[in-house]
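Let me begin by presenting the structure, written as structure tokens, before commenting on it.
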Amino acid sequence: MPQLGLLPGRAWTVLLGLLRPPPGALCIRAVRSHSQVAEALIASQLKPHQEKSNFTIKTPKGTRDLSPQQMVVREKILDVVVSCFKRHGAKGLDTPAFELKEILTEKYGEDSGLIYDLKDQGGELLSLRYDLTVPFARYLAMNKVKKMKRYHVGKVWRRESPTIVQGRYREFYQCDFDIAGQFDPMIPDAECLKIMCEILSGLHLGDFLIKISWKDVRHEMVVKKGLAPEVADRIGDYVQCHGGISLVEQMFQDPRLSQNKQALEGLGDLKLLFEYLTLFGVAEKVSFDLSLARGLDYYTGVIYEAVLLQTPVHAEEEPLNMGSVAAGGRYDGLVGMFDPRGHKVPCVGLSIGVERIFSIVEQRIKTFGEKIRTTETQVFVATPQKNFLQERLKLIAELWDAGIKAELMYKNNPKLLPQLHYCENMGIPLVVIIGEQELKEGVIKLRSVASREEVAIKRENLVAEIQKRLSES
């Protein structure tokens, strides 16, 4: 019942007057009617708080929940990505979900308008991180780190129009790998492209192509490199071309380019990059494409992005126009923007488009009706008889202590058939069954869910037998 103490003073006066019973034979009836009035008065006072709101329960625009089945798929994708990062010697790193607003401003060009600003909570103007690259550069400058190979998996936020079908959200994961430090030309860049190839091949998404170029070709050549406009225009003739080392060689042979020192240096770097890619065995996956341009302001040199070719892995699949599924490039000046003395730390890195990849894999699962196991349970502890909860608890504790993933039904006296059906539905491979006969003989029945074969195993040998079977499966 609502607390009467919450009523305003005047309501208390009226209420007490109503509850004071009149004298005589009408007392009981009066009390009953006065009580009804009092209840109505209380209800009228609290009605605004008791009414349900009319808002629709949903996730915010551009976000979503992930079901247990979807989480299994995402974790498998992330396992492939992170294991590759670790294979190449990267260290893990994490940064806050929000940064000082001034850290993020003027780093993303036109995309700066997509940054989520937070309400002032006490003196600091904050924004949700837009990507993982700028926080990494801030970390390097703040901690005076000159060399680092790191990976980072985390959420970022962007106020853009979401396109759910194409895996585009306002809240999404990024998986980044970056190499910071002064090294010989193109060796780190080549490794980043090799990593990109390893991950996309390991995810079995179908054929793909990585396009590489350098940022803002004409601006880079004329304004920053000091090339004559006619030389930059000659480079523009190649913008519509794409290819591998042969295209780079063709540009080397062009006298209008080969006579310019800056152009020769750039072409030399690209030629060196393709030589390393050939040694890595991935040159055929990479195409030199001068038309490529990425919008972020902090890129300073070679840029690249990976796209899936419009050929489904299976004939039943519909081709998806997902855009790039991975991208990256060189950003040699970003760390210096945070250093008080402007000391630069050259960096190159890549980012895997997990959300887009997830959308592709999810569609594939729906197309082929694949069943996803949402748990990793290896053994189910069951009984066909009543009053065996204590024995089941002791048995499952033995399995847990041995590192075996196990479950039981949360009932004192479950029936055997529902327990076996649960194992079949959840894909649990083994069942251990204990009952009066097993307890008397000192054995446990071990049942294969797939074949339904049962064998009696001595209690002391059960863990070893289960581990043997699991290692063979």
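Cβ atoms are placed via backbone N, Cα and C, with glycine included.
Automated prediction, rather than curation, is the source of TrEMBL annotations.
Among the features that TrEMBL reports, L-histidine binding site is placed at Asp131, Leu132, Thr133, Arg158, Gln174, Asp178, Arg294, Tyr298, Tyr299. Around the Cβ of Tyr299 (L-histidine binding site), a 10 Å sphere holds 23 further Cβ atoms from the protein chains shown.
Positions annotated as domain 'Aminoacyl-transfer RNA synthetases class-II family profile' by TrEMBL: 62-384.
Per TrEMBL, signal peptide is recorded for 1-27.
Listed in sequence order, the residues of the same chain lying 6 or more apart from Gln174 (L-histidine binding site) and placing their CB within less than 8 Å of its CB are Asp131, Leu132, His152, Val153, Gly154, Lys155, Val156, Ser351, Ile352, Val354. The C-beta environment of Thr133 (L-histidine binding site), restricted to residues of the same chain at least 6 apart in sequence and closer than 8 Å, consists of Asp176, Asp178, Tyr298, Tyr331, Leu334, Gly349, Ser351.
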